Amino acid sequence: MKTFCGRANPTTGSLEWVEEDEDYDYHQEIARSRYADMLHDKDRNMKYYQGIRAAVSRVKGRGEKAIVLDIGTGTGLLSMMAASAGADFCYAVEVFKPMANAAVKIVEKNGFGDKIKVINKHSTEVTVGPDGDMQCRANILVTELFDTELIGEGALPTYEHAHKYLVQEGCEAVPHRATVYVQLVESKRMWSWNKLFPVHVEAEDGEKIIVSPSEMENCPGVPSVCDIQLNQMPSSDFTILSDVVTMFSVDFSKPVRSASTCYRAQLDPVKSGKAQIVLSWWDIDMDPSGTINCTMAPYWVKPMSAFQWRDHWMQCVYFLPKEEQVLQGEKVHLTACRDEYSVWYTLQKAREEDESKADARVESPVCRCQAHLLWNRPRFGELNDQNRTRQYIKSLMSVLRTDSVCLCISDGSLLPVLAHYLGAEQVFTLENSAVSCSVMKKFFKANHLEDKIKIVEARPELLTSSHLEEKKISVLVGEPFFTTSLLPWHNLYFWYARTAVTEHLASDVTVLPQSAALHMMIVEFQDLWRIRSPCGTCEGFDVQTMDDMIKNSLNFRESKEAEPHPLWEYPCKSLSNPQEVLLFDFRKTVPQHCLSTEGSVNLLRKGKSHGAVLWMEYHLTADISVSTGLMQISNEKGNCEWNPHCKQAVYFFSSVIESETLADVPTAVTYAIKFDTKTGEIAMDFKLL
């Protein structure tokens, strides 16, 4: 059965009704899941297996039957580990129906159908008793309910319920405990993801400084965790201010409380500096003695020889509400507060008067300035990138005249301020969301520009002459940046907006950027390929059914599409030269016909061709460009440096998805890329030769 779904098209800006198969949602969920990544996590799987064997052995050693409850079973892997370790019976709970169906097949295929019962329910709905889902309470609790923040997927309320209703008192738990660690650092780079720094503009009448509204300066930001591959953050980008300390632990073998609470740790700064960031990660002990340990610690804490790449568990960056000066040897107190699903931090000087406040509840951070709702963290980083801003200043200086009437089309951009300071006679900015309007009003007011720059709250196609005070636009500018964009080419919405406002443009209008180009390069990933690679067997268990399910869902939609990834976090090396494949001329309106290209790229280096990376370059003027992708190939090995503020598009080749073993190493890759100007979508196909 087909169903119609209303979707906003990020490239054309129009609302479209799309016919989708009724199974579309779950296919997309499977295709975009990290199941494969978890199955490839050898360290995790091995430690879980060791912990489960030890738990079953302890229960059997007491002369008891080993009854296992596995919550969030996924493929059934942990239940099969328990059954093969000698458990008498396992209850495997999985709420996602397609996954539960796959688990039933996998369990049967591996010969554990008589030892494992898959229950397709949320664990809080599972019943115990002669007529229940479980005959009796379990004495071994096995789960993998953790995310990068540990508790973000609801581990605490799930454990709390399980201890009350599903497991015996004094049960064994795998993992046995989790411990959260923190470290205080100063980092201009990471702080730039949460605060807007002053922007210096050299204008003809002297230096101007663009400042943030005080409301934004004092705003703690949004409560959502910033999870990144901290192992890709060079040590030169942060200064360690404290040793690593334990913030809190959770013992999963005892009743767990999910109610909000706070923890406090004393830190002795090892260096003076600005405390801005709390870096955090966790580890899990699979057994009570802590000998079987799985850790997320970053490279400067544990030796790289013990490093296991994983994408389903990373490390956390927390922004303190405001930066605090700390002095070496002068103690400070770090407070971690948590609710059921998230954690946040505050820092206090360790003075006596603060002791009485130790138990005071600290409210979860809430963005009141709205800028953190408009701009995500990479966008803050982009706006703070002085080199990038200089390119826009340089290009604006070359096109603006004293009589220029300027219109800016981008979401929450600083370009209108730059255009005004650089001499435009009049500046209009098109903001088509209430949030961006509100933020920009505050911004202009803080810089005494509320009477100098006019905000037009309208969609481009609804722009009227009266909005523009009956003036024609001589300079149309955009970064372009739009909050709805996920893939690099979605910002081509600027082209569609430019087309929609054509009647308001002067005949000799200057458009900046004047054009954009789609670029492409073939790469070998160090690790990212694993998220799309089949597993086959995992710790000796056949999970081919899972591979087939993911492949089927990828074929349903995703495998012929590129997906966004921030490649500064995922190292790769180039196997081909970067190549421009499509050009979009913003000086002209969007054409009626499709834009398409075919060709081939030669592979210059040996390596596994995992996929193609695609990105946009914007030609601001004839000789000034900004890239959203490749910044440079840093050495002869082909290691790449990527724009850290943007996600690049990755198209994985079928050789990754289907785990093909190529008899001959390919020497070239052919491509066919088509941009449908009506839908704004890019279709692509690649073949290895």
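Cβ coordinates are placed from backbone N, Cα and C, and glycine is handled just like the others.
Residues or ranges marked as active site in Swiss-Prot: Glu144 (among others). The number of other CB atoms found within 10 A of the CB of Glu144 (active site), across every protein chain shown, is 22.
Counting every protein chain shown, 15 other Cβ atoms lie within 10 Å of the Cβ of Glu153 (active site). Among the features that Swiss-Prot reports, active site is placed at Glu153 (among others), with the record citing similarity to another entry.
Residues or ranges marked as domain 'SAM-dependent MTase PRMT-type 1' in Swiss-Prot: 14-344.
Annotation source Swiss-Prot lists domain 'SAM-dependent MTase PRMT-type 2' at 359-685, citing sequence analysis.
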Measuring Cα to Cα, how many angstrom lie between Glu144 (active site) and Glu153 (active site)? 10
Between 0 and 100, where does the mean pLDDT of the domain 'SAM-dependent MTase PRMT-type 1' (14-344) sit? 95
